[in-house]
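Data first, discussion second: the structure below is written as structure tokens.
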Amino acid sequence: MSSLSRELVFLILQFLDEEKFKETVHKLEQESGFFFNMKYFEDEVHNGNWDEVEKYLSGFTKVDDNRYSMKIFFEIRKQKYLEALDKHDRSKGVEILVKDLKVFATFNEELFKEITQLLTLENFRENEQLSKYGDTKSARAIMLVELKKLIEANPLFRDKLQFPNLKNSRLRTLINQSLNWQHQLCKNPRPNPDIKTLFVDHSCGQPNGARAPSPANNPLLGSLPKAGAFPPLGAHGPFQPAPAQVPAPLAGWMSNPSTVTHPGVSGAAIGLGASSIPAALKHPRTPPSNPSVDYPSADSEHVAKRTRPMGISDEVNLPVNVLPVPFQGHGHSQAFGAPDDLPRAVARILNQGSSPMSMDFHPVQQTLLLVGTNVGDIALWEVGSRERLVSKNFKVWDLSACSMPLQAALVKDPAVSVNRVIWSPDGSLFGVAYSRHIVQIYSYHVGEEVRQHLEIDAHTGGVNDIAFSHPNKQLCVITCGDDKAIKVWDATNGTKQYTFEGHEAPVYSVCPHYKENIQFIFSTAVDGKIKAWLYDNMGSRVDYEAPGRWCTTMAYSADGTRLFSCGTSKEGESYIVEWNESEGAVKRTYQGFRKRSLGVVQFDTTKNRYLAAGDDFSIKFWDMDNVQPLTSFDADGGLPASPRIRFNKDGSLLAVSTNDNGLKILANSDGMRLLRTLENLSYDASRSAEAPKPTINPISAAAAAAAAATSAGLAERSASVTAITGMNGGARNMVDVKPRITEESSDKSKIWKLTEINEPSQCRSLRLPENLRVTKISRLIFTNSGNAILALASNAIHLLWKWQRSDRNSNGKATASVSPQLWQPPSGILMTNDVADTNPEEAVPCFALSKNDSYVMSASGGKISLFNMMTFKTMATFMPPPPAATFLAFHPQDNNIIAIGMDDSTIQIYNVRVDEVKSKLKGHSKRITGLAFSHALNVLISSGADSQLCVWNTDGWEKQKSRFLQLAIYETTKLDYIKQWVPRDSSAPITLRCRINPNAYLPSSVSSNVHPLVIAAHPMNSFICLALDTLPNLA
């Protein structure tokens, strides 16, 4: 078979797996013999499907091919034989002995006789060599370890254990390119062709004079993402069980087992003794070089079903007969579109006063920056308002509780530096690691002072790094130090949980992580050794060498699928590399460092796409998929040779240290917008020096809709308010709510100036189309791009208004000076929901937009519908009532997952692609009224008609907390009141900024009984739109 034909088979394998044709995938793997799927083989062995195991193996080797193959088949048949004897099924045992095991008598007659003797024993464990045989499950696991060693050593499996490194949906991409190229060659290309077949070349029908859309901007088939490019840690991952002795000769029919070194096995050779490794480590997935063929593990909580070819990746996977046309103004992407979108504009310059050594942005309020310096100071900056909210000098809280070595060291030399500062995952704690023995943990709740939480005399010598982790769902602090140890502490009371020893040099950094619920820690030492630890006392699982063999830090990409390290050697050579976790080998090494770095280079990652490092008096950037530097800049100068750098969570801000003991905050356009928002919300600069400083109040996920309704410049841009007939209740796919500042002042006279909107000229009104018989709008939302308004009418029809380019609006952006136009695709079809038999007026309509506005999920009391916003075609309908959907929300990381609130009080977590309910959440007693995700906190917030708020963990979908509602601002994870709001209370944390007089949007001829029904806010600018009851106009 030619090389291209072979590659085509791999593309077909990838496609079949993406479409869940599991049996066909494995049949093709076997028949082609190109790829041995170790994950599938393991599952079949664990399940004892011996006929399928041997059948699958037969596609790659036969019993007598070589000594490795012979031992593989022997081990399988021996296990089958022992299991029959263990069940006291002697007839089955005799059958296996004669049919399966006798073939090996030619090679080892004595072994065959000994196996036969087992038939005479009441329990084969009476044989000394089998006395440690456990139960069936553990015996299969032990055997599997040996089988994997033999397979990896077998030359017949060479180059068949790694799947090619393909991008997702590669075959679909090639078809895209072909169809788009065919469309480009059409004599009269239509702007919205309907491609219905792949069997013949595409050709447009009747000419319409339109230009063909660009292939680059017009993909036919969306890609289907897979859950992570790296497999869970297991026998092919970096963590290996401690070796055990191989029982002889019965446990292995060769007297001298293979001693071949296997690249997939780190540390020591694998034995066949009882394994202490957790169950999930015994079930690794396909090797990570295959990021697309990512088969579910045998332990998955649900079994994937083969369904229609539908799914949502970056967006929904389109059927073949739909060619999407670019939707003007819609094109949000979470990744940077170009280097120009990197945070490179100097937006803030802050004077710290001493040299910053470590920085960390708050995980939720992304303009809060924590800084630790070389003299032991820590500071908390609100970079939006340029205010230092907290400043603390180093001080031991309780010297009498410290060890004598620490007391002696401080007396001898009181100078202390901060080595690391870091926030806990929810931002309620932060930790400080010092150069002398101790770590200090502070608690920080918005609106309150920073408080001392824990002081731990952690290490002898310096504490070089600190991190937070959640092993066993318990928040812990991880530290490492000059004493060559890694220690794990309870973050609540400071109790030491674990001590990991094994490094032979001071430990420089720690990097905790988890995969498939397996928690682990990477550590690096100054001798260049990298080790990995589970939360047990079994010692290090790996022993790698870091490039440079000196000071190295490690970090994962934001989605946790790619592992990177950055280090500098003693000679000044610096390295950033990406690791292949399954092999413990460097996957790629990034170029572009100064030949002799002046200091230890620091780095960071952002957006699952970019790497950044401080080197050569500048900040250098790389695309993760390209080893050549992407760009670099010096932030207008003044940077040290190896500046410290830190991104905020969404990559819109970058903090960098400067030569003059200060900080520069770099921003992209989103970051500048965020900073302006906070700046606009600050008090006037003329406030007296005695006025209290602002405090940063978090806006919980449950209050996301209220947060969106308050826009940055509302008080100053009263003319820029658009009112439109519509209703709130749509779910925008907000990854995290932007932070906002509220000011508290004892001086009640200094309040915001209230803006009044009284004139009709300050609004724009639109008339609902009479031909659609729309009398009332039930739901209303701005698109995420802000350039269109989507409405759901009470008769289940969707309406879309878009701002078009014109002489008065050259950029096509949302504006109050020009009215948006009702838009429909050329086909004229409407997006119409399924309607139940009940009265539509009694239904609870709901919808949610995908993150790039290309798709909408919607329901009006009947089935849930999935629509393509570019063609208005119905892509799927599902979940017929009862119960009926009452609220919808997309998962912020995976648009295949949606949360569906139901009228029976449950919340269903639904996988669109496989058409399956993953989890059903029960905690409310009445219908669900609201849902909002927080990616930063890994929670889903729900509200119900029972007046309850519930917090659900998105990892396992367990309920964390619930509380009955009051009008208040809540801390998200614990639902503690931060501020409670009583209307007309002058000290309330919510201040009225703008008031719109009804005369501004109601015609004088309209009855006074007409009232606003719902409201929606522009996601970025100070526009709002509202819907009026029984009025056929949009205002």
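The backbone N, Cα and C atoms fix where each Cβ goes, and this holds for glycine too.
Where the annotation comes from TrEMBL, it is an automatic prediction and has not been curated.
According to TrEMBL:
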DOMAIN    34-92  domain 'CTLH'
REGION    284-303  region 'Disordered'
REPEAT    456-499  repeat 'WD'
REPEAT    601-632  repeat 'WD'
REPEAT    921-962  repeat 'WD'
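Listed by sequence, the residues of this chain that lie at least six past the ends of the repeat 'WD' (456-499) yet keep a Cβ under 8 A from its Cβ atoms are 401-403, 405-406, 419-420, 422-425, 429, 431-441, 505-512, 514, 519, 521, 523, 525, 533, 535-537, 553. Note: the repeat 'WD' (921-962) comprises 0 helix, 25 strand, 17 coil (DSSP; helix = H, G, I, strand = E, B). Same-chain neighbours of the repeat 'WD' (601-632): 334-336, 339, 342, 553, 555-559, 561-562, 564, 566-568, 574, 576, 578, 588-594, 639-647, 650-651, 654, 656-657, 666, counting only residues six or more beyond its ends whose CB sits under 8 Å from a CB of the stretch. Counting residue by residue with DSSP, the repeat 'WD' (456-499) contains 3 helix, 25 strand, 16 coil. Note on the domain 'CTLH' (34-92): mean pLDDT across this stretch is 91. Here the domain 'CTLH' (34-92) has, by DSSP, the following mix of helix, strand and coil residues: 41 helix, 0 strand, 18 coil. For the repeat 'WD' (601-632), DSSP puts the residue distribution at 0 helix, 20 strand, 12 coil.
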